[in-house]
Amino acid sequence: MGLGIIQVNEDHAPGTFQMDGSSSNLTTQMKYGTGKHSTVVLVPQPSNSPNDPLNWPQWKKNLIYVVLFFNSIIFSSIPPPVIAPSMVLMSMALKRSIKDITMLTAYQLLATACYGPVGSALAHKYGKRPQFIFAAIMGFVGTLICCNTTENYGALLAGRIIQGFGSAVFESLTVAVMGDMFFVHERSLRTGLLVMTWTCIISLVSILGGTIAEHLGWRYVFIIHLPLTVIGLVSVVFLLPETQWKGTRPDIFSPEAMAQADEKEMTKTSHGHEENLTEQSEREFAETKKTYFQELALFSGTHTDANVLRLVFAPFAVIINPAVIWSIAVGGACIGFYVAVSYILAQIWSAPPYLLNASQNGTFYVGALIGGVISSIGGPWLGDSIAKKLTEWNKGTYEPEFRIPMMALSALFCGIGWFVFMWDLDNPTPNGYYLGAFCHGCLCCGTTIGMTFANLYILDAFRENSTEIFILLMTAKNFIFYGFSQVINTWAEEKGPSDVLKTFGIITMCLIGTSPILYMFGKINRSFMYKSGLMSMLTGYKH
């Protein structure tokens, strides 16, 4: 066993590669990074086409990333939690129960979950760009409707549901784009910052939302949000090209390529210089680079011949992969618990002995904001350091399972967050609010680390199916949100909020506790999925 990972008899398992390429016969064919990464083998290996997103200049990739990061906040992070601190205030203004106000978010999340598989199918068939534009339009229209409601609960609910269609795409496809544009060694921090938009940024939204609702009125959270959606829509239309490339890239780590390298030299010398171009790469060099306006075409053609209806059900087919079940457990369920508890926070802190108003309820999220920022920046740095050291000890061979040890840190912070928070509520004091904020910060920290490295594992191990997997993860997470919205307020009233936290904490520890199993057997699973072709066969999408 290599550092505890059970090995397979075959030479190749997707995601396994030599970081320095030293043991490969294909060293002369490999492409390496630049600068401080000049000794790092690029994975995946880019083609020679100037239109391959992997070959785009770094400034262009980073600009696209900034657009995605900004719009993930605008269309995915802001809508669900923006009314959380002002639920009591809205309940009195609209003359509706707390549960009815909770349903404004619950139905929005249900719409997000339901549209996910449809968005996945259309993205696979026609590319990601049309979906991002559709999502930005829905986010703008939904917010506009919410701005124009006064005491009309039905219109407000309709606007929130339309916002949910916009959230679905930015919540799932943005991480998949990381695999379209960036190499393995470039993904960690960027993925961590994206996860931050779904964990600690929602805390900032709650802080600001509570203050705005308290001093200006609850409608102003939508009025202030509206111009941001306009900026987001414009940036998507003019700065977000299609990243889903229809060409093919060399798989120099496949058994076929290795066998070919053993049988004969992969390069030949002619007229004193080396020629190692295949017919395909010659065609790629001859390919004309697309202009700015060509890249911004609404449609880039079809990317697969698979039936759209079959692609709609493709995300559910990947559930046969045990690694997908694990990612849903530690990435989807755990963040589901973390966000679900926000449904009862105003209920907790507005009651004696705390008696907080909407603005003070929002300020409670400062702890989560701090915890999320620390984990989003420090977590990827520590995780990369651990992965590099394990790769070194493994004689230069990188395994995606080297992402999993960070789950121990996730478990530590989640354990502190859930169980100390539970104790705090069981022993209420006027100042218990501060300890609760600290625990909430620990929860955000642990959840962010867990979701970041679950996502990175999927990107590294199953990049070709990452879109379906992230769609399923998003769908499962939002169904969890919706399910808890139906029961959590009543549960907290009848059993007490500490019972909710205890239950969530125990389940979280059990789910993260499955990580060592995947660490040990993950490579066997990757090899089996690759050889059997089960996921490609069931999804109907040939990668």
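Heads up, residue numbers simply count up from 1 along the chain you see.
Heads up, the Cβ atoms here are built off N, Cα and C, so glycines get one too.
What TrEMBL records for 65-543 is domain 'Major facilitator superfamily (MFS) profile'.
The transmembrane segment annotation in TrEMBL covers 63-89 (among others).
If you look up TrEMBL, you'll see 132-155 (among others) marked as transmembrane segment.
Per TrEMBL, the feature transmembrane segment maps to 161-184 (among others).
Residues annotated as transmembrane segment in TrEMBL: 191-212 (among others).
Summarising the annotation, TrEMBL assigns transmembrane segment to 218-240 (among others).
Among the features that TrEMBL reports, transmembrane segment is placed at 323-344 (among others). Here the transmembrane segment (323-344) has long-range neighbours at 80-81, 84, 102, 105, 198-199, 202, 206, 407, 410, 414, 443-444, 446-447, 450-451, 454-455, 457-458, 461-462, 469, 472-474, 476-477, 480-481, 484-485, 488-489, 492, 497, 500-501, 504, 507-508, 511-512, 514-515, 518, 522, 525-526, meaning same-chain residues at least 6 beyond its ends whose C-beta is under 8 angstroms from one of its own.
Look at TrEMBL and you will find 364-383 (among others) tagged as transmembrane segment.
If you look up TrEMBL, you'll see 404-421 (among others) marked as transmembrane segment.
Among residues of the same chain six or more beyond the transmembrane segment (433-457), those with a C-beta under 8 A of the stretch's C-beta atoms are 175, 187-188, 191-192, 195-196, 198-200, 203, 323, 326-327, 330-331, 334-335, 338, 341, 348-349, 354, 356, 364-372, 374-376, 379-380, 383, 400-401, 403-404, 406-407, 409-418, 420-421, 424-425, 470, 512, 522. For 433-457 (among others), the entry in TrEMBL reads transmembrane segment.
Remote same-chain residues near the transmembrane segment (469-488) are listed as 80, 102-103, 105-107, 109-110, 112-114, 116-117, 119-120, 168, 171-173, 175-176, 315-316, 318-319, 321, 324, 327-328, 331-333, 335-337, 339-341, 343-344, 455, 458, 462, 500 (criterion: CB distance under 8 Å, separation of at least six residues from the stretch ends). TrEMBL lists 469-488 (among others) with the feature transmembrane segment.
Under the heading transmembrane segment, TrEMBL lists 500-521 (among others).
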What same-chain residues lie close to the transmembrane segment (500-521): Cβ under 8 Å, and 6 or more beyond its ends? 1, 4-6, 322-323, 326, 329-330, 333-334, 337, 340-341, 344, 401, 404-405, 407-408, 410-411, 414-415, 417-419, 421-422, 425, 450, 488, 491-492
